[in-house]
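As recorded in TrEMBL:
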type	residues	note
BINDING	Gly62, Ser63, Gly64, Lys65, Gly66, Thr67, Arg175, Gly218	ATP binding site
BINDING	Arg88, Lys109, Ile110, Val111, Gly136, Phe137, Pro138, Arg139, Arg179, Arg190	ribonucleoside 5'-phosphate binding site
BINDING	Asn143	CMP binding site
Amino acid sequence: MWRRVASLSSFISSSNSSFLAQAACRLNIWESLTTGIAQQAKGVIVPKEKTPFITFVLGGPGSGKGTQCIKIVETFGFRHLSAGDLLRREIASNSADGAMILNTIKEGKIVPSEVTVKLIQKEMELSENHKFLIDGFPRTEENRIAFEQIIGVEPNVVLFFDCPEEEMVKRVLNRNQGRVDDNLETIRKRLKVFEALNLPVINYYSQRGKLYKINAIGTVDEIFEQVHPVFRAFEVVG
């Protein structure tokens, strides 16, 4: 950036333009610099060479969205960001935010939307990729609003893996990950919570024309056959 300013200054001084023209040009340069600094101070993502392409991936526990995210990354070269993984990593870092997140979860409360969004924002800013697959977020309308206010953009695509409740229950019970919440009673409670909180988000993006509902019944490849054309339509290649 400073090289650009220096080259412009050299050009101005060597020209035969009037003093007023030089001053106006320098003023434009100064405004450009100060605007960029102000944006960074506010936490706004400064545009990269390419406009970010953002995909939200939604679906209940056992809907298979995690498996499909792996295939999307392999095929289209996205950067996969899991909200849950980012929160767990922050907890493991022993930071002040990590301690707060752990205490919030222990108390059975939802982590503040702003905290989760800022973790996602940080990963986006550090990434050299411009294609982001955000898995399991937003879970609520509050999450959605916080994301759009802090990041300043809406997603390009919202994938919703639509799967019958009984099928999701069966998958979660069969995956045998040793999680304390992988029991029948808890799974059904999680599904009810997901439906109550996530349905307004799904309906919102459906009305915005951004939602792509994927029938999550079938083999991994059969389901991916529905996903593939969504990204091909946007020419989102790796």
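Glycine is treated like the rest: Cβ placed from N, Cα and C.
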Provide the number of Cβ atoms within 10 Å of the Cβ of Ser63 (ATP binding site), excluding the reference atom itself. 25
Using a Cβ-Cβ cut-off under 8 angstroms and a sequence gap of six or more, which residues of the chain neighbour Gly66 (ATP binding site)? Ser82, Asp135
Identify which of the binding-site residues Gly136, Gly218 has its Cβ surrounded by the largest number of other Cβ atoms within 10 Å, counting every protein chain shown. Gly136
Using Gly218 (ATP binding site) as the reference point, find which of the binding-site residues Ile110, Gly136, Asn143 has the shortest Cα-to-Cα distance to it. Gly136
Candidate binding-site residues Arg88, Ile110, Pro138, Asn143, pick with smallest Cα gap to Gly62 (ATP binding site): Pro138
CA pair Pro138 (ribonucleoside 5'-phosphate binding site) / Lys65 (ATP binding site), Å rounded to integer, equals 14
So if I draw a 10 Å sphere around the Cβ of Ile110 (ribonucleoside 5'-phosphate binding site), how many other Cβ atoms end up inside it? 13
Smallest Cα-Cα separation from Gly136 (ribonucleoside 5'-phosphate binding site) among the binding-site residues Gly64, Lys65, Thr67, Asn143, Arg175 is shown by Lys65
Inside 10 Å of the Cβ of Lys65 (ATP binding site), count up the other Cβ atoms and send me the figure. 23
Using all protein chains shown, find which of the binding-site residues Thr67, Asn143 scores highest when you count other CB atoms within 10 A of its CB. Asn143
Rounded to an integer, what is the Cα-Cα distance in Å between Ile110 (ribonucleoside 5'-phosphate binding site) and Arg175 (ATP binding site)? 25
